[in-house]
Amino acid sequence: MLKCIPLWRCNRHVESVDKRHCSLTAVPDEIYRYNRSLEELLLDANQLRELPKPFFRLHNLRKLGLSDNEIQKLPPDVANFTQLVELDISRNDISEIPENIKFCQSLEIADFSGNPLTRLPDGFTQLRGLAHLSLNDVSLQSLPNDIGNLSNLVTLELRENLLKSLPSSLSFLVKLEQLDLGSNVLEVLPDTLGALPNLRELWLDRNQLSSLPPELGNLRQLVCLDVSENRLSELPTEISGLIALTDLLLSENLLEILPDSIGSLKKLSILKVNQNRLVHLTDSIGECENLTELMLTENLLQSLPRSLGKLKKLTNLNVDRNRLSSVPAELGGCVSLNVLSLRDNRLGKLPPELANATELHVLDVAGNRLQNLPFALANLNLKAMWLAENQSQPMLKFQTEDDEQTGEKVLTCYLLPQQPSSSLENLLERSVDEAWPTDTNLNRVSVIQFRDDSKHEEEDDETAADKRGLQRRATPHPSELKVMKNVIEARRNEAYTARPDEDLESPDAEEKRLSGLSNQSHDSQASSSTTSATSHEDKQGINSTGVELNDGQVQEEEDLDEMEVEYTEPTVHFAEEPIIRGGDEDDDYDNDDDDAERSDEVSQTPSFPAEKQRLIRKDTPHYKKHFKITKLPKPETVAALLQGFSHDGLSPTAHTPENERDGEDDEEEEEDEDEEDDLHTPFQHRLDAAELEDIRMSQMNSSLQPVKGVSFDQVNNLLIEPARIEEEELTLSILRQTGGLGISIAGGKGSTPYKGDDEGIFISRVSEEGPAARAGVKVGDKLLEVNGVDLHGAEHHTAVEALRNSGAAVVMTVLRERMVEPENAITTTPLRPEDDYFPRERRSSGLPFLLDPDCPAVSTGPAQRLATCLIRNDKGLGFSIAGGKGSTLYRVGDTGIFISRIAEGGAAHRDNILQVGDRVISINGVDMTEARHDQAVALLTGTSPTITLVVDREQSSVGGASPRTRPHSPPPPEPSDSPEQEDGGDEHLGNHLNCPMEDEYPIEEVTLIKAGGPLGLSIVGGSDHASHPFGINEPGVFISKVIPNGLASQSGLRVGDRILEVNSIDLRHATHQEAVRALLSNKQEIRMLVRRDPSPPGMQEIVIHKQPGEKLGISIRGGAKGHAGNPFDPTDEGIFISKVSSNGAAARDGRLRVGMRILEVGNNSLLGMTHTEAVRVLRASGDSLVMLICDGFDPKSASTIEASPGVIANPFAAGIVRKNSMESISSVDRDLSPEEIDIMQKEVEMVRETSQWEREEMEKVSLSSGPLKLDYKTLAALPTTSLQKVNRASPSEPFRIDSPVRDAAHSPHNSQSNIHFPSNANTKDNASTKPGAIQPLSRVRPPVSPASQDGHSSPNPFQHGLSPINSQTTDLYSPRNNVSAKQPSPETPSPLGRHSPEQRSFKDRQKYFEIDVKQQTPDKPKPRISLVGEDDLKKMKEEEAKRIEQRAREFMLDEDEEEEEEDLAKQVAHMKAHGKVVLDGVEYKVESLGSPTSRQCATPPNYSATPPSHCGSSGPSSIDGKGDSQRNSVEDSFRLEQRPNSMTGLIPVYPGESAAPIRTAKAERRHQDRLRMQSPELTVALDKELSPAEKRALEAEKRAMWRAARMKSLEQDALKAQMVIAKSKEGKKRGTLDQLSESPSPAPTPSPTPMEDISPRTVTSPGRLSPGAADDVHFMDESSSNAVSVIDPEVPVAATSALEEMALYSNKRKLRQGRRSLEAPVPT
């Protein structure tokens, strides 16, 4: 029998080892210790060179990973791996696969890729189980001819080999679904390839195929066919048979035509025919109704078929680099088309019908010959329109004009008409992309010249340049900018001398001017301006890195935080009538491209000859602003544009943190720095001197204007006269302080102008708190004089020196511009209200709103009209607006525009006139009473440095509070399907449905100044993320953690604050990632708008101090990505307290309760943490625990929900989800200190040695057949409450285990969940109680689980979750687990008082506890290490057998036998009738395993904590013999007194004291029978009459009386048995627990080895345990015994019920030896 006892250490039961990326040079020796259990070994990515002999003794390996090593040889011993299923030896140096691999018949997945193999062994094709074979990049030159024998292959990868042909037997692989033959040298394919009926993917790319076999058309299941990069000149017509084909890749072949049969591919979704020789595209392409992507790049197509218009699902059409001269009008029928690329063709015109493709977002027509664009394209929502190869912005501004030939209205811009691209001539030789210079060195070609291919040879260069040549510079390198600046200056001087007073040009000159304009690289520098479409070299020059005079202050990048009006409505605006500029304007235009944008400042010019008037573009948008071509704009928007919005990308006021230096010498390259700043500040503007010239020009020509101030053009574009700008000289005195003046300057003679062409010195930056700011210096002031030094016409360095040498007192004279109202304010109304539209994207203008507390309608009280003029500073205007037509109303019933917020410290705040709630009447003279919100935004974000506002203030207005008062922000609007709610960004921001709630929570603006460190906060929530416990009814982004003394904490932020905005970015509806990005933006200053939402209910911080050695005593449930801890909200990922132990610091503290939510532990926020992480944090908390908690859920309500019939309380337990329950509930009291662990390990070692001896003794004394009798000493010493019975399942309902389950093997939780160490264990005190295998029954009714209500196991045991007893009912190593059995819980008694063995004779009781120890013969016996010699063992067995038989005869002849058998027969019948039994005064409910109502697995009570699979466990079965590899079976088996045995079929109750004294077991039985006959419910009442102490005293008294009667008669036999055991112990070192073996174990019930880990655990939902259930687990008193269970590991689970077993014992039958099937009733 010793061969069945595993004598190796229990920690050697390991199933999986992962040693990847461990830099191993040899296989670790420890792995060989696991040779009997190891199933998965991963040694990938190490430096192994060889595999030693012992490695191949790991016979049970099922998965072996050795990839990415340096293994040079695979030994033939690999044949030992007969169980191997998955083998990965890819990327090694193995040159040959051994022939013996054919013996690995279990192999299903093999990867040999990346080895220098040249052939496969002959026996390789015998691996008939192989399903997935990878042989990529192994230099194979041929495949075995019999490869068809691998009939189960599903995937075959042969990429990057040297295969020239394929064997015909390949057609036998009928299960093959994926065949990859890419990157070989195949020249022809076998016809048999078409005989693979299940083939779904066929990869033949990068071969040398010149044709495809027609049989390929038989592949009816084929989904993807890739034959790109071959030599195909045609496709077979049979390709129409590929009816399931979705992807057809034909790139880089020699195809000239596609077969008409391609139209039969109805499921075709992607067709790529790029880089072929197609000259014609078949009309049948239109029949491919599911086609979404059609790539025809680089062919010879001259036209497209009209049938393309039938492709309603086509989203991407690319016909770049062909020879198209026209596009079919039917293309507009492609209603789903998103991207249309026609680059580098010969198109002269686009059809207007393209506008019908309403989903078109990107149109690329660069490199064509377009004269103009159809006017209908204005209706498209384009995001990108590419007209030139080096166009810097995706969108341009267009104007309308009449086509000279057709008279139709068309669109044009400065890039039209197009110049033909030279790449057309090189179409077949190279692509434009390849010709594009990619080098970054300074010698690269910086000029790209385009010439007309037909005429440039005949014309001289100058003529060609004037008429045809478009010379465009490539994007300059910063080092080139200085040189370019000088060139620009020369050009500017030439321009001034050439045309000083010219008023207008001839048409030829105009054309030359426009060509010259194009010559100056409008678009080559995308980064130099935020909003202009062109970028002149002088602007590029500005881009060189420079530094600012920063006075030691950190410069900050910020996007107009106070002025939160960010975007105008993204539209492209057109003026039908050209606006011609003459005179100085033309000089400006020619010399500075940005003036091309600013030309819109002129409202009307004198009438000029209109024969060839050219259009001037307006306001090209920056690609970041979501501008797109759309419907014609509202005239008010155009008014705003003409008013001053047209050049909003140039700001003098931005700051960057780069290149900071102290001292004024930083000013030298100030202009460069400022221009760079514009990249980050698209809405900070400046007024150019060019604008002044424009305005002066318009004033000079005012007599020529037919209408003063306003006019309309033919497309209803409202043209408004801009406000006048006056200049005034100011003298300011500054007292210098240490650190500088606090200003930066830009400009100067010879430097890039700061404004237009004005080469004066300008103030480009003013530090807020600096001396200059206090003296009144403002950004944009022109510096005329410093301390008497005249700076008119001075160079930059002269000004720097003047400022540097100015001393402590600086007197400077500046020229400042101010806005003057236009003479006639114009009221505008929408001319075509039907054109209202809302852009598709939500704009992020972030306008906060004030909400009146009572949401009043428009007040009719007296109004006070106020006017103010605000000067835009570096942070904008400093206020926000809300309301307007088409937007969310600021006040109910009032469509007006109101001041909704005033930024503290901003321009409006310092002006101290505007107040929150003021109604805006006009902006810069434009009436706003009936205006839309976006129109007001457009006016406010114009480039004008001053904004004149007229507002009305109601005397009783709530908004009339101090401007310092932080206005409230409304809650997010309700969901709506209306376009206003769906599309409008600004319109989203004020919803007043919840106005009363809004005022309850104050709103504050908090500014965080980054100092290089973190912000000190964490957030939770977002539109795509749960934000529990914050904002459950109103989702949003919340602060979930504030680090003490961090930046956020110092700024007053607290946990629970709702973040409404960050740097003007609205986060009310933002996703979590958007909020994170906003907070992590590269800004020095983070401005946050937060709403002080109330804290979650019950939020408090508690501090718990643990006493030395004391455990915290709580269990938790929930966590992210796991099972929800809140039974009322499945989306709640919070961490909740699921249990508070009665023994622990938490219970002593008294403030923690079940159901509470834990927000923080120490400084660690648990929000968003997984369950495992939360457990780890709690365990690492130390002796002093600081917790932030709040109310969670009501455990009483939760228990009612979970106990409801028909409700699956936990999907894991019900087998719905395969999940480890440890992820849902864990005790936090599991970590031990290293010292404690060391002590525990020593104890385990002792227990292990003892258990091995005990097993031997069990075999010696049992002889595998006879029942083992208990000696009287053991029976007398052990209290009867500690005796346990091994339950047997009834034969009629067999114990079922469907299949071995190993899922739990890899759970890190399982490895801990079953470790049960008793606290304060003192084995020395147990001398009076010989350690044995008797275990106290848990006096707790196990919680029922719905999992097993069907009475049988799930057909698929993998669907069962782990039974959670091990994880939820025990807090390991916790004192609360050692609850004394003297304290039964009053909650647990069950109304079941029944028979008690206390009335039986002692002999009968002893027979009742006899255990048959049966041998279970394994299929493949494994060698066991015997610690006892064979001779001694044989003698001991014989002696013990004689004694046992003698004792059996004596007991059979006992005088009371017949009477007891009669009583027992009655008792068995009664127990069967009532299903209950009383043992030792404890009543048990006997449940049959197979019954439909059974809710527990009736497994032996002291089996380990892993149940058979039918109990809902993913643990191992006893049949399989292989268990949870990471489970510590020592603790499972030997610390069972710690474990509640709630899985037994016996449910204890406690009968009360009877009225009359009972002194025998029979008398007690008779009394209980009487009680049952009278009133069964009395058992509960009687049980409650006695206190626990009284019950124990009564039971002890009865036991003492019953024991005394039989002690003498057994004394002799017991002594003899102990002598035999003592003899076997001689010479052996005895551990503390070696006394276990001194008496034969009275109840050697099986405590399995790890391979037979069947546990008594209830199948209870994790987290669904009733709150007190775990506390009601009672154990034997610590002083009574420290017993451990020791068993024969091969004992099968008996399949008879406890009732039948009692009958068996009474009849003295012996159960048949041998292995019993768990699938059928066990014969008796």
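Backbone N, Cα and C define each Cβ position, glycine as well.
According to Swiss-Prot, the repeat 'LRR 3' annotation covers 59-81. Within the repeat 'LRR 3' (59-81), the DSSP-based counts of helix, strand and coil residues read 5 helix, 3 strand, 15 coil.
Per Swiss-Prot, the feature repeat 'LRR 8' maps to 176-196. Remark: secondary structure over the repeat 'LRR 8' (176-196) totals 5 helix, 3 strand, 13 coil, with classes taken from DSSP.
The repeat 'LRR 11' annotation in Swiss-Prot covers 244-265. Within the chain, the repeat 'LRR 11' (244-265) has long-range Cβ neighbours (under 8 A, six or more residues past its boundaries) at 200, 205, 220-238, 271-288, 290, 295.
Counting same-chain residues at least six beyond the ends of the repeat 'LRR 15' (336-357), those with a Cβ under 8 angstroms from any Cβ of the stretch are 292, 312-330, 363-371, 373-377, 379-380, 386, 420-421, 423-424, 427, 432. Residues or ranges marked as repeat 'LRR 15' by Swiss-Prot: 336-357.
The compositional bias 'Low complexity' annotation in Swiss-Prot covers 518-534 (among others).
What Swiss-Prot lists as compositional bias 'Acidic residues' is 554-567 (among others).
Marked as compositional bias 'Basic and acidic residues' by Swiss-Prot: 574-583 (among others).
The compositional bias 'Acidic residues' annotation in Swiss-Prot covers 584-598 (among others).
What Swiss-Prot lists as compositional bias 'Basic and acidic residues' is 611-620 (among others).
Per Swiss-Prot, the feature compositional bias 'Acidic residues' maps to 661-678 (among others).
The domain 'PDZ 3' feature in Swiss-Prot is assigned to 1005-1094.
The compositional bias 'Polar residues' annotation in Swiss-Prot covers 1346-1357 (among others).
Residues annotated as compositional bias 'Polar residues' in Swiss-Prot: 1364-1385 (among others).
The feature compositional bias 'Basic and acidic residues' is assigned by Swiss-Prot to 1395-1407 (among others).
Positions annotated as compositional bias 'Acidic residues' by Swiss-Prot: 1453-1463 (among others).
As annotated by Swiss-Prot, compositional bias 'Polar residues' applies to 1490-1506 (among others).
In terms of DSSP helix, strand and coil, the domain 'PDZ 3' (1005-1094) has 12 helix, 30 strand, 48 coil. With a threshold of 8 Å between CB atoms, the same-chain residues lying at least 6 positions outside the repeat 'LRR 8' (176-196) that come near it are 136, 153-168, 170, 202-219, 226. When DSSP labels each residue, the repeat 'LRR 11' (244-265) comes out as 5 helix, 3 strand, 14 coil, counted as helix, strand and coil in that order. Across all of the repeat 'LRR 3' (59-81), the predicted model scores a mean pLDDT of 94. Helix, strand and coil residue tallies for the repeat 'LRR 15' (336-357), in that order: 5 helix, 3 strand, 14 coil [DSSP].
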